[in-house]
Amino acid sequence: MALDPADQHLRHVEKDVLIPKIMREKAKERCSEQVQDFTKCCKNSGVLMVVKCRKENSALKECLTAYYNDPAFYEECKMEYLKEREEFRKTGIPTKKRLQKLPTSM
């Protein structure tokens, strides 16, 4: 029984794990300035980072949470996931392997 590539139904693991994973990755990219500020603060503060980096941590959480709670952002990530899944069902090749360059012999 082959799976329909155009099927839009999502399993629980896709809704609860795979799409949120894409959301986290995209949100980190979009909040890159806050991620860099927090990372820099942590590196410079050592053991005291919990106390010294509260401002940077709050800014990062605020940025990420804004994306996590945005229904349009969820839909964008869901459509990206469905597109990847459809391509996998057509070709049988995972996205990661498709994006890798093929070795060339010369």
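The backbone N, Cα and C atoms fix where each Cβ goes, glycine too.
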When Swiss-Prot is consulted, the range among 20-30, 31-41, 75-85 described as motif 'Cx9C motif 1' turns out to be 31-41
For Swiss-Prot, the entry motif 'Cx9C motif 2' belongs, out of 53-63, 86-96, to 53-63
Cβ atoms other than its own within 10 Å of the Cβ of C53 (disulfide bond), all chains, total 21
Sequence-distant contacts of the domain 'CHCH' (28-71), meaning Cβ under 8 Å and at least 6 residues beyond its ends, amount to none
If you measure between the CA atoms of C63 (disulfide bond) and C53 (disulfide bond) and round to the nearest Å, you get 15
C63 (disulfide bond) has its Cβ surrounded, within 10 angstroms, by a count of other Cβ atoms equal to 18
